[in-house]
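Below: one structure, written as structure tokens.
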Amino acid sequence: MFKSIVESFTNIFKKPVTKNYPAETIKHFPKYRGLIVYDVNECIFCDKCEKVCPPKAIVFHQNEDGTKEYNYNEYLCIYCGECVRNCPKTDQALTHSENKPEIGIKDNFLVTNWKKLYNDAKQSRIDYKNLKKAKKEESS
């Protein structure tokens, strides 16, 4: 009991442990996982990041010319880092930044049409496969 009383009195004269946020910026830990940064020039479009993403926050849209478009929903992402760990181009195509997503309190911040975008991307792959199959049959 005496030890508790002494500790209480010493805490009265110590500075608080909390930060004066937002006046003081909070330093992140060395392995902090923030927003995913995507580099289109480094990406080989292997789709591994899309396959391993638990909440399906990454989706590639297949264009008719064979190119793919990367789509990322930062509000759906749980920042687990599976996409970054599974990327064959380590620390090049996908990396973690120290940034956090903006707070989504208004509709313009949220990706409200993500479900439609996700379904369109899946359908685009089916359409592309059918297009390739039709071209192959046409040339035969």
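Each Cβ is built from the backbone N, Cα and C atoms, and glycine gets one as well.
As given in TrEMBL:
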- 34-63: domain '4Fe-4S ferredoxin-type' (DOMAIN)
- 68-99: domain '4Fe-4S ferredoxin-type' (DOMAIN)
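In terms of DSSP secondary structure, the domain '4Fe-4S ferredoxin-type' (68-99) contains 5 helix, 9 strand, 18 coil. Summarised as a single figure, the pLDDT of the domain '4Fe-4S ferredoxin-type' (34-63) averages 91.
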